[in-house]
Amino acid sequence: DGLKLNYLRISEAKLTGIPKDLPETLNELHLDHNKIQAIELEDLLRYSKLYRLGLGHNQIRMIENGSLSFLPTLRELHLDNNKLSRVPAGLPDLKLLQVVYLHSNNITKVGVNDFCPVGFGVKRAYYNGISLFNN
C-alpha cells in the first residue's frame, strides 16, 4: 500500500485557511500559530479520520455550523488563543470528543447545551478536559 501520512504539523507558516489538499489519511493535524480566521463548511471534509485537530494560536472568529460534523472520530480539539465569541456549534454531536481547549478567546457565555447532547439516551464519551479560562 505504500506509506501513509498520519501526523502533520504546519506551524508559523502564515496560513490564512485550512489547506484542502492534504492527505486524507491524517489522524493528527496541527495548524497552530498561523493566521487562520475561519473554518468554513468544506474545510474539514476530507479529514474524516482525524482524532486530534490543533488550531490554537490563530485568529479564528467563525466556525461555520456543520463544519465539525465531518470529524466523527475526533477526540481532541484545540481552539485556544483565537478570537471565538461563542462555543462552536456541533460539539455535542462529536461522540468521541474528550478534550476541548477554548481558553484565551472572547467567549462570554456558555450554554447548557454547548457541550452535551439534548435528550435522554444519547450516548457519548465523557469529557476529560474542557478549558475556558481567560475568556
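Glycine is no exception: its Cβ is also placed from the backbone N, Cα and C atoms.
Asn65 (N-linked glycosylation site) falls within neither a helix nor a strand when secondary structure is assigned with DSSP, and so counts as coil. Residue density at Asn65 (N-linked glycosylation site): 11 other Cβ atoms are found within 10 A of its Cβ, drawing on all protein chains shown. As annotated by Swiss-Prot, N-linked glycosylation site applies to Asn65 (among others).
Sequence annotations record features per position, and here Swiss-Prot assigns N-linked glycosylation site to Asn106 (among others) based on sequence analysis. Classification of Asn106 (N-linked glycosylation site) by DSSP places it in coil, neither helical nor stranded. Listed in sequence order, Lys83, Leu84, Ser85, Asn135 are the same-chain residues at least 6 apart in sequence whose CB falls under 8 Å from the CB of Asn106 (N-linked glycosylation site).
Tertiary proximity for the repeat 'LRR 1' (4-24) is limited to same-chain residues at least six positions away from its ends with a CB under 8 Å from its CB atoms, namely 30-40, 42-49, 54. Annotated repeat 'LRR 1' per Swiss-Prot: 4-24, in sequence order.
The annotation repeat 'LRR 2' is assigned in Swiss-Prot to 25-46. Listed by sequence, the residues of this chain that lie at least six past the ends of the repeat 'LRR 2' (25-46) yet keep a Cβ under 8 A from its Cβ atoms are 4-18, 52-68, 70-71, 78.
Residues or ranges marked as repeat 'LRR 3' by Swiss-Prot: 49-72. Panel annotation: around the repeat 'LRR 3' (49-72), residues 9, 24-43, 78-85, 88-91, 93-96, 101 of the same chain, lying at least six beyond its termini, place a Cβ under 8 Å from a Cβ of the stretch.
Annotation comment: Swiss-Prot describes 73-95 as repeat 'LRR 4'. Each residue of the repeat 'LRR 4' (73-95) gets a DSSP state, and the totals for helix, strand and coil are 3 helix, 3 strand, 17 coil.
What Swiss-Prot lists as repeat 'LRR 5' is 96-117. When Cβ-Cβ distances below 8 Å are used as the criterion, the repeat 'LRR 5' (96-117) is approached by residues 51, 56, 72-87, 124-135 of the same chain, each at least six residues removed from its ends.
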